[in-house]
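Input: a single structure, listed below in C-alpha cells.
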Amino acid sequence: ESDSEDMYSSDDNSIETVSVVSKSTLQSTRQSSRSRTICGWRKYYSMPVDQLNITKTEKWKCQITTRSTRFKKWIIFATEEERLAFQNLVYSLQVKIKNWHQEHLMSELKASNSSPSTPVNLLVEIVSATGLRNADIGGLSDPFVKVRLGNRVLHTTKRIDNTLNPIWTTETNSLFLITDAMDEFFHSGYAVTFEVIDYDVLGKNAILGFARVPQGVLLKATGSRLEFPLEEIKNRRKSAGTLMVRCRQATQKDMQFMAKINSEKKMATKHGVANQSEFIKPVRPPSVTAKTMKKHSEEGSELIRVRPYPNPEQESETKWMTPDEIERMSYEESHKWIEAGSGSRGVLYVEIIGCDGLPNMDAGVNKRDKTDAFVTAIFEDAIVSTDVIFDCLSPRFMPWTRRAFSFLISHPWSPLLLGVHDYDTGSHNDAIGRVQVDLGNFAPNTEYILHYDLSNTAIVPNRKKIGTITIRLCLEYHDTTLQLHRERLSFPNRFRVNVQDKKDFRVAKFVADGGKDISKYSIETITMHVEELATCLNIVFYMYNALMFIYEWRGHIPLRFCWPYGKCGEVELLVPLHSIIAFVGAVLLVERPTLAPAMFTASLGWIMLAMLELKTSRPSPWARPPTYIETVKTLVTGEFTPQTITAQESCLADEIRVGADKKKRDEQVKYLTDMYNDKMKEWEVMTEFMGENLDLENIDTNTSKGFSTLPGRSILYPWQVWFAQLCQVRRTIESILTWNSYTPAFCITSASLGLGVLFLFIPWGFLTLWSARFVAWIVLGPWRKMMKNEMTLWEQRRITKEAKKKKNEAFEKEMEALQIQKEGALKMAALKKNIFGCFIVSCPCPMVKVDRYHDAPLPKSSAKPIAEENSKSSRINKKEKTRLQGQELAGVMVPENIDKHIDLPSVESSSDLMSSTPKKESSRAIKSPTSITVRATAKALRFIKGRKMPENES
C-alpha cells in the first residue's frame, strides 16, 4: 500500500499491509497510498504482506493466499506485465520488511543491552472487543480470539456466545504467556496477529477482524489497557471494531500463577486453586454413636462425654465431665485461633461458646440420633466453620476445639453473620437458624458475652425463633478515632465470598440472607409486601402521640433543684422542652416568615433528636444507642468509653416499657380499624339506599383470597418489584428515624442543625425581592430582542454540529468508563472463581439496615471493660494461631497479592507456561534457553545418581 519511503519512516505502531483495488493497475495502487478512495478506486482487500503468498500464476492473473486466515483469491490484471509488476512488488516489499525488522531487532537489543538469546517472557491479557460485526443470521456473533506469531498459534480463547461486545476473563482463557528467545520472537513473524473469529457449528468460521501488533509495542507495554482497531480482509466497512489488550513483562509470580491455573484447568475441577475448604467445611471427628454418652461417677453424679473430643493435653481429665464443669470450661480462654480476612482497620475477636434449645434434625429410628450442630461465620470476605458437636441439642464448643476466630476489619459497620446447621454426611446440611450481629453500637476494648435468638430469616413475616446462641466478642481498632469515624461515615463495599461446592454454597447462602429469595415471582411474596406496607398505619399512631405530647405540654426533661423554703428539700421538675421549642418556633415563624428555610431544616434535626431521646429512654442497655452528646464528645476528644453491663440489667423495666408501648399501639390500631369498618358499613347502607347493586363480598382487607384469581407473572411481577422497592424505602426511613442506622441518622441530624443555624444569617427577604426584580426586569424585558444577533444558517448548523460533537464525545467517555468498570467486575469475579471456587455468595453490608427484623442481644448478655495491659491481642499472640487469607484481590491481570492466597509452584520449564496448542497448528517446537537448561540439569542428576556427594560439595 505504501511506497518505500513512507514504510521505513513509520514508527512501531505501523501495520504493513498490501491492498488490492478492483480493476486497478499497479500505478493506481501506488497512487492510493494515503487515501482510501482516489480517482474512483476503492480498497477491496487488505492483508498483511508477510502473510501473503502467490501460489499460482497464469498469463494475466495470479492466485493469492494468506498463511493465517486461509484466504484464497484469483486477481485478474489487464496485462501480463501488470501481473509481473505486482508479483515483483510483493516480493520486494517482503524482503524490505524482513530487513527492516532485522534492524528493529538490533535496535531493541542495543536499547535493552541484551543478546539474541535473551528470553522474552510476556504476560498478555485479551481484555474485550467492541463494535464487532454480526456474522450470524439467527442471532449475534459468537466471537473468540486466536493469537498468531508467524505460522505458530500462541493462544486461543474460548468463544463467548451471542454478543458483539465480548469480555474475556480467566474462565474463557483471557490470560496467556509468550515465552521465547529474543531473536526467535522477532524472526518468527513480523507482528503478533490477534484474529477475532466468529464460531459456527455447521459452517465455516468467519474472521470478524484482525489486529497486527508489532513486537516492540508488546515489549514496551506496562500493563495498561491498549486499544487496537480491527481490520477486515474485505474492507467494506469503515470500522471492524476495536480489540482491547493488556501486556507487560511477566514476573516469576505471574509464571507460577499461570502454571497453577493451567494445571487446574487440565484437571477440569471447579474447586479453585486456593485450598480454603479445610476452614470452610466443618470438622467432624470419627463417629461415636455406638459409644455411651452418659454415665455416673463413683460419687453418683452424672457425667457426660465431652464432645467432640477431650483435651489432647489432658485427655483423662476432660473425657468425662459434669454438666456444670462443661459449662464452666466452655467460657475459658480458647487455646487456638484462626485469623481470617483482609482488612487493616482493626480486629474482631469472636468465640463460639455454645447453643441452647436446638431442634432435633436427626429424629429417626435410632432414638440417640440428635442434631450434629456446627456454626458457620461470615465476616466481610472470610468464611469459617467450627467443629461439629454430634448428638447434642445444647452443644458447647470447648476451648481446645476450632471455635475462635479473629477477623481483620475493613469497615466498622460490617456485620458478623452466624448460622447454625445440622451436619449430614451424604446430603446437604440442614439449616437451623441464623443471626446478624451489628457491630455499630459495640465499644472497643470491651469483652462482651452475647446471647442471641436464632431465627430462620430476617426478611419474611412471622419468623420463628429456633434456640439461642452464645458468643464472646471483642473489638480492637488500629486507627485513630477520627479516622475510624471517617470510615463510619463512608459507604461500605458489598463483599462476596466464594466456596467450592454446592453443599458449602447452601450453608453460606443461608448464613448470608436466610436462603429466602424474595426476588422470584410469587403470590406469597406479593401478599407479604402488601401486608408490610399496610403496617404503615403504625406511623399514624406515632404521629398522633407526638403531637399530643407537644400539644399537652408533657414534661420529659428532669430538672432537680433544692427548695429553700419548707421541708421539701430537693425537688424534681419535668420540663416540657419539646413543647417550649415548638411554641417559640411557631411564634418566630409567624412574626418573621423569612425564617422559614432555617426553621424547616432545623425542625428535621429536632425531630431526629426527639426520636433519639425516645430510643435512649429504654431501660435496657442493649436497646439504647449512644446519645448525640456522647457521639460528639467522642469525635472531639477521640476517646471511646468502655461499657460495663451486667446480666439481666433493667430487664423487667424494659419488658414493662415495651409491653405498655405495644398495648397503646394495638389499641390505637384497633381504634383506626374499627373506625374504618364503621365508615365502610355506612357507605354500604347508603349505596343500597341509593339503589346501587355493588358486590362487596370479595373485598376483605384481612385475607388475600382475591390474589388467586388475578392474571399471572406478566402483570403481577412488575407490581411485586414495585412493592419490594416501596418496602425498601419504608424500612430505610424507619431505620433512620428510629436510629437503628445510627451513622446516617447522626449525619442527617448534624446537617439539619448546621444548615438551620447557617440559614439564620442569610437575608432571605432581600434575596427573594431582588431575584423577583431580576426575573421581571432582565429576563422578561425587551432587552433580549435588542441584544440578539442574527446568525446565518451556516453558523447555526456549525454551532449545532459542535454541540452534538461535544455531546457525543462526553457520551463516549462515559460509555468507555462504564465498559472499563464492567470489565473489571467480570474479570475479578472470574479470578475469584478460579482461585476460591465457582459458587458465589453475596454478603449484606449495608450502611442503612433494610431488614424487616433486627437482631438484638438478649437481656442476659453482659459486658466488661478490658485493661490496656491485658488486651485481647496480647493474650492471643501467646496462643496457637492459623492464618486464613481473606478473599479480597487487588490489581489487574494477575492479582498483586496472589501469593498470599495460594501456594505457588516453582516453575522450571517454559513448556509449563504456554497454553495448550494443537500439534497440527504448530509448525515447529520452541527451544527456549530455559528448556535446554532443564534438560541439562536432568541429565546431570541422572549422571550423579547413586554417587556419594562430598561434604563440602553443595
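All positions are counted from 1 along the displayed chain.
Cβ from N, Cα, C; glycine included.
Whatever TrEMBL says is automated annotation, not expert-curated.
Checking the ranges 157-184, 213-240, 801-828 against TrEMBL, the coiled coil annotation falls on 801-828. The average pLDDT computed over the domain 'C2' (323-452) stands at 89. Beyond the coiled coil (801-828), the same-chain residues lying 6 or more positions past its ends with a Cβ under 8 Å from any Cβ of the stretch are 127-128, 130, 165, 167, 169-170, 174, 225, 244, 889, 892. In the compositional bias 'Basic and acidic residues' (866-881), helix, strand and coil residues by DSSP number 8 helix, 2 strand, 6 coil.
Remark: secondary structure over the domain 'C2' (323-452) totals 8 helix, 59 strand, 63 coil, with classes taken from DSSP.
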